[in-house]
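A.B. asks: First, the structure itself, so that you have it in front of you.
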Amino acid sequence: MGIANKLRLSSSSLSRILHRRILYSSAVRSFTTSEGHRPTIVHKQGLDILHDPWFNKGTAFTMTERNRLDLRGLLPPNVMDSEQQIFRFMTDLKRLEEQARDGPSDPNALAKWRILNRLHDRNETMYYKVLINNIEEYAPIVYTPTVGLVCQNYSGLFRRPRGMYFSAEDRGEMMSMVYNWPAEQVDMIVVTDGSRILGLGDLGVHGIGIAVGKLDLYVAAAGINPQRVLPVMIDVGTNNEKLRNDPMYLGLQQRRLEDDDYIDVIDEFMEAVYTRWPHVIVQFEDFQSKWAFKLLQRYRCTYRMFNDDVQGTAGVAIAGLLGAVRAQGRPMIDFPKMKIVVAGAGSAGIGVLNAARKTMARMLGNTETAFDSAQSQFWVVDAQGLITEGRENIDPEAQPFARKTKEMERQGLKEGATLVEVVREVKPDVLLGLSAVGGLFSKEVLEAMKGSTSTRPAIFAMSNPTKNAECTPQDAFSILGENMIFASGSPFKNVEFGNGHVGHCNQGNNMYLFPGIGLGTLLSGAPIVSDGMLQAASECLAAYMSEEEVLEGIIYPPISRIRDITKRIAAAVIKEAIEEDLVEGYREMDAREIQKLDEEGLMEYVENNMWNPEYPTLVYKDD
């Protein structure tokens, strides 16, 4: 009886065997004709073969092999032979060491990244336990600022593929390609097209590193199960001529698709992933401004998605701005009275402006007058200077924040006024940098901030990576004194004043918010990520610090508390989803059960659904 059972095959197993025999016979004919040798028979497909050091060829798998072995989408699109692979490895290794000295302030950052990456390859549970237990030390290694250097040198660092690659050449194939990913359930996708990686510009297919790093933080901070995350690169080409002309570049060596051709690729990708994983949350990351806003508006009311550059950066900045209000000893409701000069009108800058306007307007009653009043608190300066209604060909996204020409004339300003001129005349409470221009807040600009009408002015140098920060904390504190508030997008060390006092360098990292937004959306079952859910996340972060901490100039908590911060933000997001009647349930918890949870119950619900890196007991079961 036992032998009979072993010999009995299911119809699906028989179909797979017959299919493989057909592929084998065709492979024999093909290989024998063209290369004069028989193929090696393998019993693995997809990621299994990529993770087998004996059979893995990496980028040398031909397109025929990729289709035959279910590898399509699991490798960068450019096919290379072994000689090209060796040349790429040696060339990029040397280039990598040369560029490392211009990278993060920690000269060992790249070496640490490599060691962590090797651990990730060997033992995922141990990797995340190390990351969680040392999050303050290693978050800057797996994410900003080190990840910027990783992306710049991705082809040299590429060893084992992570995530999926969808390219312009895969049009019409994506619906089947998603099934090459082995996970039956995916909770979180981070997707990029590589067009605007941090402040480094168009890095093409190398941008996959930012998606990998972001998802590491989803696992470490939010407890998303690492078997249910998927980093994705959508390769539509690159306008980076240096990359495009590099024979060792791993991506498509063509200019970026534009207009409807571009939209068609993204549409097909979204339809494919939501067909296979209907409940997945997709975070868009580092898309250039013109597409970041268009895609957000195109998908946000249909899919569970958000854009971290537009909405996440905005949320963290709002939390910091509200913290700056508290640091002045004022209630957060005074936020609409703050005068803010914003340097930068890209996706991040406009995202912050929109979020700040909505927050102010809500505090003022959400009337049309409230929106007008809120809008009047911002002065936006881009590469061409102050944006006013007199500007020609103004970006539609920046249009609502263009100042009235006559009003500016009364203030002694005009279209194109410099940042220094604007700061001198406006005397703002806050100078907010989202320009990606390192050193933009020059000595002259910071000197002008001395005229601020605020009792405790704030400097937010939020651009990443470190070299793109508008100024350093040392620059700001040395000119404005120890009473100011400082925040940045990249990590800096606190400034010692020599009198026992410390200038706190608050890092306004997006990792404070996006893990909680993602986790809260996931556990609520909300079909969309609403503005209210995003605002709830910001206000939760702003209220996290104690009064004593805020008065000391600490407006963001230490990264070491990230699991607790994320848990509270996720609970706040779920609570807002309940109030907006967006809750649809998660797994065994239906909507009615979630709606009954009080604040303590929500916290417990979130904590119980956060993955922890512990070794499970394994039991073998024969198929």
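A Cβ is built for glycine as well, from the same backbone N, Cα and C atoms used for every other residue.
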A.B. asks: According to Swiss-Prot, Asp309, Asn464 bind NAD(+); identify which of Arg196, Arg568, Arg587, Arg592 is listed for that same site.
C.D. replies: Arg196
A.B. asks: If you measure from the Cα of Arg122 (site 'Required for fumarate-mediated allosteric activation'), which of the recorded positions Arg196, Lys214, Asp286, Asn464 is the nearest?
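C.D. replies: Closest recorded candidate to Arg122 (site 'Required for fumarate-mediated allosteric activation') by Cα: Lys214.
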A.B. asks: Any idea what DSSP makes of Lys214 (active site, proton acceptor), helix, strand or coil?
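C.D. replies: For Lys214 (active site, proton acceptor) - judged by DSSP and reduced to three states - the answer is helix.
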A.B. asks: Which one, from the recorded positions Arg122, Arg196, Lys214, has the smallest tally of other C-beta atoms lying within 10 Å of its C-beta?
C.D. replies: Arg122
A.B. asks: Go through Glu285, Asp286, Asp309, our binding-site residues, and report the one whose Cβ sees the most other Cβ atoms within 10 Å.
C.D. replies: Glu285
A.B. asks: I need the CA-to-CA distance for Glu285 (divalent metal cation binding site) versus Asp309 (NAD(+) binding site), whole Å please.
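C.D. replies: Distance (Cα to Cα, whole Å): 6 Å.
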A.B. asks: Where Arg196 (NAD(+) binding site) and Lys214 (active site, proton acceptor) are concerned, what is their Cα separation in Å, rounded?
C.D. replies: 15
A.B. asks: Restricting to the recorded positions Tyr143, Lys214, Asp309, Asn464, which ones have a CA within 10 Å of the CA of Asp286 (divalent metal cation binding site)?
C.D. replies: Asp309
